[in-house]
Amino acid sequence: MEFLVLLYALPIFYSLFMLWKWVDAKRDQECYILDYQCHKPTDDRMLDTGFCGEIIERAKNLGLNEYKFLLRAVVSSGIGEQTYGPRIMFSGREENPTLLDGVSEMDEFFHDSIAKLLSSSGISPSEIDVLVVNVSMLSSVPSLTARIINHYKMRDDVKVFNLSGMGCSASLISVDIVRHIFRSYKNLYALVVTSESLSPNWYSGNDRSMILANCLFRSGGCAILLTNKRALKHRAMFKLKCLVRTHNGARDESYGCCMQKEDEEGRLGFHLAKTLPKAATGAFVDNLRVISPKILPARELLRFMVVSLVRKMNQICNMNSKTGPGNIISSSSSKTLLNFKTGVDHFCLHTGGKAVIDGIGGNLGLCEYDLEPARMTLHRFGNTSASSLWYVLGYMEAKKRLKQGDKVLMISFGAGFKCNSCVWEVTRDLVDHVSENNVWKDCIDWYPPESLTNPFMKKFGWIHQEDVSTFKTLL
């Protein structure tokens, strides 16, 4: 009898052991953010709109309509007076950049932000196991990762990934690389460094699809320290819940809407096509279709399915009904959206521009409170490319909005065309303590300002004379 009990018990205990082993292994694969550090360049690199106007005025290849177009972009972009540019702009050499200009811009960011991050977290450079750097429009030899390894004297077995050409959504791609490494190796530290080099990428021609990039982008960057060490989860700020990447590069229209290329005169620049809004919308919808079931409660998904079914049935009935001049049945109805607030507490949106923020907010049904972090980040720091998400997150932290258990949805767009998104869970209460190195700490009390009106609107008031060939959809 005892033998039979033992015989039946062994498979049960073995199954429980294997289940425990699987659960225990999963706990070692979690991805935590221990700390992050956004870069604030020095005040001598600050770009007010007046100086931006001077830069535009000294461009030799622009005609009157191009001046009007660019000035309209500056004063209507939602960008404020305290953003930062590369040093090459202040020396008047933007049309003749060198490789050293781009590399020096990156070194200034690396030496400042990574040093602060390692100091505040108490982690030595020799403890870093994985290094991922993404800078889309600068590729140097040795690589930028090699420059960091040399400066901080990291170990010779550090796993290194150097990403270029991935656009404004590259920081979440970098996090995804770390996440996959964490699934195979235990007890690691990973350093993600995300930025963009503006120095060598000034466009000196007059193609409107390319000169707009000169106005939209600003200097910035962020260094993020991640780990999968279970013993450090109590120190972590955030835990990665899910991450979804959508790449529509197979569609020619999406592939060509954001592209670095030469114009008809052979001048290199960054082309933004009129099809960009359509490509962004398509990638956004495709991404939401995948991430929604991962982050929203079942009741919300069920509600959406029922409402969608009812609307579809109504449309079929309307199509089958007979209508005459005196009996017109309207098939239009209010747009029904998934309520993302049922599964997400905060929205961290890419600051690609005022229209990007408005568009995402409208599609997700967000209020001004939800959009405030992205709007204020655009106003204070501009579009810092792939690093912009982390400035938005820093604003939420500085405003003491992040409570333990809250969910933060990050959404970013990039050339290719890509839309990447992820959800972080706040693992400890960040309301009572704001990091000493928070990039917003010295100015957070000024935000949001009473008005975001650009003070140079009056000075450049003549730009309101309409120009039918302006890319209104991109402003």
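Positions of Cβ are set from backbone N, Cα and C atoms, glycine also.
TrEMBL labels come from automatic prediction, so no person has curated them.
Feature annotations, reproduced from TrEMBL:
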| type | residues | note |
| --- | --- | --- |
| ACT_SITE | C168 | active site |
| ACT_SITE | H247 | active site |
| ACT_SITE | H346 | active site |
| ACT_SITE | H350 | active site |
| ACT_SITE | H379 | active site |
| ACT_SITE | N383 | active site |
| DOMAIN | 25-312 | domain 'FAE' |
| DOMAIN | 344-425 | domain 'Beta-ketoacyl-[acyl-carrier-protein] synthase III C-terminal' |
| SIGNAL | 1-25 | signal peptide |
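A map of TrEMBL features onto the structure.
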residue	record	Cβ contacts under 8 Å, 6 or more apart
C168	active site	S136, H350, G352, N383, S385, A386, S388, S412, F413, G414, A415
H247	active site	G416, F417, K418
H346	active site	D370, P373, M396, R401, L402, D406, K407, V408, L409
H379	active site	G78, I79, G80, Y447, P449, L452
Response to the item:
active-site residues considered: H350, N383; fewest surrounding Cβ atoms within 10 Å belongs to N383
Worksheet item: So how many of the residues in the domain 'Beta-ketoacyl-[acyl-carrier-protein] synthase III C-terminal' (344-425) end up helix, strand or coil by DSSP?
Response: 39 helix, 21 strand, 22 coil
